[in-house]
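S.K.: Okay, these came from TrEMBL:
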| type | residues | note |
| --- | --- | --- |
| DOMAIN | 275-331 | domain 'AFP-like' |
Amino acid sequence: MTSAVHIVAEAGTTHEGDVDTALRLIAAAQGAGADSVKFQFIDPAGLYLTRLRQDGALVDNPVVAAREAQRLSRDEWHRVAAYAAEQGIPFSASVFDVAYLRFLETLNPPYIKIASTDTNNHALIEAACAGGRTILLSTGMSALGEIEAAVEVVTRAGGDLVLMHCVSAYPCPAEIANVGFVGVLKGAFDVPVGFSDHTESSVAAVAAVALGATWIEKHMTLDRAAKGFDHAYAMEPAMLAAYIGDIRAAEAALAPRHPKVGPQENAVRTRARRSLWAARDLPVGHVLSAEDILVVRPAGPLAPSDLPHVLGRRLARPVMESTAVRFEDLE
């Protein structure tokens, strides 16, 4: 890497399940001057409730089908990674489960990305550390205490960590980007700090770099008008090239300020964070095991980090399938 700041072109799922589009995204990222290109490896059934309760009935979760349509096969991912190597741009991905984590490791990425969804998913963070690669950990939707707990997990596992400041609003208005929190993270933790940027210009990223961010992540697409999850707030290739040019010339600075999870992020947190959900109808007196609990979106009363305090406990009341598990349900 020739520059002090590593710029990640986040292609995410903007390939929309088409391998040729993924290859074009790689070429565009390389042409724009990015230091690496990153995608998202998502198994929808492992990230979302596949069925939702609606008016007392279970219905299929439409997000699962939409995410399934975006998936590439593992053979296609091998092709994508090989093409990135040919183009001379490092390739990686965000992972949301251990199976995809282990698959990504076979593609020899320079780093592993853990998204803000999983800042409090300590088991996944620890598993990612086991491979010995740098961990990029996003901190959107997170209070400082949650970030501290995640850093402790990485420290115990001996991992190499980069903390990515992030505000999980899509797009993120500049006035809530809280770029000064880059300085707070640098002061609180003895690790490199970056910025996962969801704003619509280069201003916030330039400020983050001035405050000491050494990694910048920016969503990219080939067409902002395309239908899908990420296109509308991503940058097309020419925009990304200009954005990267601004970062390379960054001189401005912002004063740091403390974080606040505002209403925009709280709205996203409800659907983007995991919780503990009943995998089936569970009767009174049942002793909970791992097979009884789904750790999936959306958010609920208990976090993934509460799972050790739930397993082995006996139910004081019945819990229906696709219902959130609560401490008050337990004896």
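Cβ atoms here come from the backbone N, Cα and C positions, even for glycine.
Remember, predicted model here, so these are calculated numbers, not experimental data.
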S.K.: Any idea what the model's mean pLDDT is for the domain 'AFP-like' (275-331)?
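M.R.: Looking only at the domain 'AFP-like' (275-331), pLDDT averages out to 98.
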S.K.: What does the DSSP secondary structure composition of the domain 'AFP-like' (275-331) look like, as residue counts for helix, strand and coil?
M.R.: 12 helix, 16 strand, 29 coil
